[in-house]
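Peer 1: One structure is given below, represented as structure tokens, and several questions about it will come after.
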């Protein structure tokens with residue numbers, strides 16, 4: 001990309017795939033009237049990701065979802081070791097100690113600004129490859145850190161790299177599936193950022209207690225090396241997996257590759273892919289950085305949904321950062337056992353995943369994207385504040401340990417449904433062309449909240465205690481419950497009133 005003078009930018013991919021034209025999209029070039037335009041070989045072309053077999057589509061979705069889950073497990077495995085690291089490095093500030101846990105979320109808010117729109121230009125697969133390699137390198141840096149500043153830098157970079165799977169993955173789902181089939185895929189995909197931080201600390205708690213905090217990073221590297229070794233030793237498996245896992249799903253990139261192949265075979269330099277145009281690299285990069293910010297600022301729907309996601313996600317990260325200390329101090333749990341406090345959130349996320357996967361597409365019917373908000377209105381929205389009040393007051397009075405954990409089941413259920421509904425709503429509104437950028441906009445706000453809201457935990461709990469401290473958060477989430485109700489009634493009008501040119 002850096003060596004070339006131009007890049008490829010899609011013009012109307014969403015309109016082509018969804019079968020209708022939006023006002024903000026320019027007309028695509030008609031390949032039937034221009035022999036130099038390379039397009040699909042008819043509506044049933046097997047090269048079109050929308051025409052892949054159901055098994056191949058779902059395998060791609062599963063692999064992307066597992067990548068999201070794994071990166072979140074790896075990033076949060078360190079959490080129970082934060083107190084041990086603080087002792088090793090002489091960290092006395094509660095803010096710095098909390099940042100060692102939450103700063104990957106800040107990195108995850110920055111990375112998508114470039115990576116998500118860039119994936120619509122260079123393709124999804126190249127972003128996945130580059131991010132995975134960089135993530136491994138930064139994990140080595142975390143394991144070998146000699147002071148808090150060094151660790152914070154590498155943890156930030158780990159978060160930036162891991163975010164590519166979450167943000168670009170939304171574009172992959174939009175590439176593969178029409179909107180009426182995305183419910184189950186989106187639920188599975190959205191579970192990673194919620195289940196990962198549940199599973200990671202459980203593993204990390206026992207690893208830290210037995211081997212020390214550095215081994216939470218070494219374990220990530222060892223697991224990756226085992227997988228790579230398996231791939232090298234079993235070429236047949238590699239070939240089978242690579243045929244699916246490394247397949248590009250961005251329709252514009254597939255057509256660009258097809259045009260390049262035909263130019264070479266026919267020696268016709270005039271062949272070019274449909275729906276693509278050449279733009280200067282500077283304009284390309286400017287667009288990649290500006291588009292998510294523009295979507296966030298000029299679409300009231302995206303802005304308020306992003307705020308709702310930010311509050312719920314930030315509150316969840318606050319719980320992730322404080323569970324070990326709360327259960328160690330209140331119930332006398334050790335470092336290893338304290339990781340089990342995350343199980344309630346995990347159970348809630350699993351239940352939410354099943355509910356959303358089974359009902360979301362059925363509720364869509366023939367309605368607009370606003371019908372994606374029904375589960376958020378009736379289930380996800382109310383469940384979060386209920387769980388916060390339940391967890392806060394039962395932990396405050398040291399009620400038997402299982403009772404506050406049951407409260408976190410409601411939190412996990414609600415947060416997964418709120419997150420999944422919001423992400424699918426974005427995909428349906430913006431289509432394949434803008435899905436990654438819209439998700440980047442929401443991810444920016446959501447992950448920044450995840451990094452910084454947790455910093456308020458220590459002063460919040462010291463000032464108000466666990467009961468009123470968590471109730472404050474519960475009241476904030478309760479205030480957002482009317483937001484999806486408003487959009488369900490007036491979302492279509494707002495989208496017409498504030499159209500966005502992607």
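Keep in mind that glycine also has a Cβ here, set from the backbone N, Cα and C atoms.
Caution: TrEMBL annotation is automatic and unverified by curators.
Predicted, not measured: the structure shown is a model, and the values here were computed from it.
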Peer 1: What range among 28-50, 189-211, 258-280 does TrEMBL describe as transmembrane segment?
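Peer 2: Checked against TrEMBL: transmembrane segment maps to 189-211.
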Peer 1: Tell me which of 295-320, 425-450 corresponds to the transmembrane segment entry in TrEMBL.
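Peer 2: Per TrEMBL, the stretch marked transmembrane segment is 295-320.
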Peer 1: So, do the transmembrane segment (468-488) and the transmembrane segment (295-320) meet, by the test of 3 or more Cβ pairs under 8 Å (sequence gap 6 or more)?
Peer 2: yes
Peer 1: Where else in the chain does the transmembrane segment (58-79) make close Cβ contacts, counting only residues six or more beyond its ends and a cut-off under 8 Å?
Peer 2: 85, 100-101, 104, 128, 132, 135, 139, 142, 155, 158-159, 161-162, 165-166, 169, 172-173, 176-177, 185, 188-189, 191-193, 195-197, 199-201, 203-204, 207, 213, 216-217, 219-220, 244-245, 247, 249, 320-321, 324
Peer 1: How about long-range neighbours of the transmembrane segment (152-177): same chain, 6 or more residues beyond its ends, C-beta under 8 Å?
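Peer 2: For the transmembrane segment (152-177), the far contacts come to 49-50, 52, 57, 60-61, 64-65, 67-68, 71-72, 74-75, 78, 96, 99-100, 103-112, 115-116, 119-120, 124, 127-128, 131-132, 134-135, 138-139, 141-142, 145, 185-186, 189, 192-193, 249-251, 423, 426-427, 431-432, 435-436, 439-440, 443, 447.
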Peer 1: Out of 91-115, 295-320, 340-361, 373-393, 399-422, what stretch is closest in contact terms to the transmembrane segment (189-211), meaning most Cβ pairs under 8 angstroms?
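Peer 2: Maximum Cβ contact count belongs to 340-361.
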Peer 1: By a Cβ-Cβ criterion of under 8 Å, what residues six or more beyond either terminus of the transmembrane segment (340-361) are in contact with it?
Peer 2: 180-184, 186-188, 190-191, 194-195, 197-199, 201-202, 205, 316, 319-320, 323-324, 326-327, 333, 372, 375, 379-380, 387, 404-417, 420-421, 424
